Amino acid sequence: MATSTTTLGPDAFPLPPGTVLLRGYEQAAESTAFVVSPTPSSDPNDPLNWPSWRKHLNYGLTIAVTVAAFTNISIQIVFWQQMKVDLGLSISHLSHAQSAQLAGLATGCIFFIPFTIKYGRRSTYLASTAVSAAVAWWTASMHTNTELIITNIITGLAGAINETAVQMTIADLFFVHQRGSANGLYFIAVMTGSFLTPLAAGTQAATQGWRRSYYSLAIALTILSVLFVFLYEETKYTPATTGERQSTEFSSPDCESDILKVKRATECSYELNRVQSHAAPSVRMNTYRQRMRLLSTTPESLSQLFILPLHVITLPHIMFTALQFASGVCWLVLYMSVVSVVFSAPPYSFNTQSVALMTLGPFVGNIFSSLYGGPFADWVVMRLSKRNGWLYEPEMRLYLLFLPVITMAGGIIMCDEP
């Protein structure tokens, strides 16, 4: 890449966590500033060095299971009209079960993702996909309120694990300037599972019953579980040779600040294994058995990984992003719950298929928003970085959130109109 005129270099101030010099000084020049961008090593087993087809295969599997996982999370609301008759339950019972699922979604990643960081992504995907398949089979044959609550809790836990693990896979496979597009594709998958497949499920349920829709989902998840066993490679990079770790320490005397503690913990979870390798070009590709290993253990402290979110959430831009994301999810959950209850009752009296059709609008909106938050966001970030001396700052992506705030507020207001 061309050398920028930026003054950053060995004698300049250190870069804060998350900041990346996209075009900087010569690589031969040593720097005391840490580098958080994923710099690939010379090891062909480094996921950043993988050929495109391997990246696309791995990421394609995660996209497929994301669609299935969010379908499992979303379709039950569409079936409420049939389920309350079949199971002899009230809307209140079904709503409580939905709340149990949301509790699982909210807490699942907190409890299980630290194990994903320490032991690898593959085991997490295998477990969450298998559990999702099993609970889909169970849901299709359940008959009691107790089963309804338990299956919803497990569905939420498995869905939360998958949702967070995909973000880790994106960080493993893609460079900083590619992650907006990768996330755009991910959110298309999320909204496909949240709104488009429930449309198909509602149509099937209208003619064959809600249980048949769950059986179809269970079959799809079972097939995905088998595909993951044989095709999904571990994306957590563990170097096979001894190398020198990239310089990731500040030269600042304030190295014991809370920000640096967060940085060090984050490095343990994501950048610990991204080393400046001195392996010879003769390093061989891992065998198929090695690439399909169940565990990829590294020496992070599990206790620190559990505590890490408590430190990170205190950063203003992280808190703002979390609140923005949470408000969006809250609105979508509220929308689906209200649609199922209101439009299935008089004066609308929609059947299951008609209720499912109400999910089409959010899906169409998501297509445009994914283009806005994906490729367009990457383009904006590159332009802003260029104006900033090719210095990328993660907060640059937050500048684009003004439009979603306006459109979401407008949608809520219009939905409330009689």
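Here, residue 1 is simply the first one shown, and the rest follow in order.
Glycine is no exception: its Cβ is also placed from the backbone N, Cα and C atoms.
TrEMBL does not curate its annotations; it predicts them automatically.
TrEMBL lists 57-418 with the feature domain 'Major facilitator superfamily (MFS) profile'.
The feature transmembrane segment is assigned by TrEMBL to 57-79 (among others).
Residues or ranges marked as transmembrane segment by TrEMBL: 99-117 (among others). Distant neighbours of the transmembrane segment (99-117): 73, 76, 123-124, 149, 152-161, 163-165, 168, 268-270, 300, 302, 305-306, 308-309, 333; these residues of the same chain sit at least 6 beyond its ends, with a Cβ under 8 Å from one of its Cβ atoms.
If you look up TrEMBL, you'll see 184-202 (among others) marked as transmembrane segment.
Annotated transmembrane segment per TrEMBL: 214-232 (among others), in sequence order.
TrEMBL lists 318-343 (among others) with the feature transmembrane segment.
If you look up TrEMBL, you'll see 355-376 (among others) marked as transmembrane segment.
Taken from TrEMBL, the feature transmembrane segment applies to 396-415 (among others).
Sequence-distant neighbours of the transmembrane segment (184-202) (same chain, 6+ residues past either end, Cβ-Cβ under 8 Å): 59, 62-64, 66-75, 77-79, 163, 166-167, 170, 213, 216-217, 332, 352-353, 355-357, 359-360, 362-363, 366-367, 369-371, 373-375, 377.
Residues 94, 97-98, 101, 105, 125, 128-129, 132, 135-136, 139, 152, 155-156, 158-159, 162-163, 165-166, 169-170, 173, 182, 185-186, 189-190, 192-195, 197-198, 201-202, 205, 210, 213-214, 217, 220-221, 224, 227-228, 231-233, 235, 336-337, 339-340, 352, 355-356, 359 of the same chain lie 6 or more positions beyond the ends of the transmembrane segment (57-79) yet place their CB under 8 Å from a CB of it.
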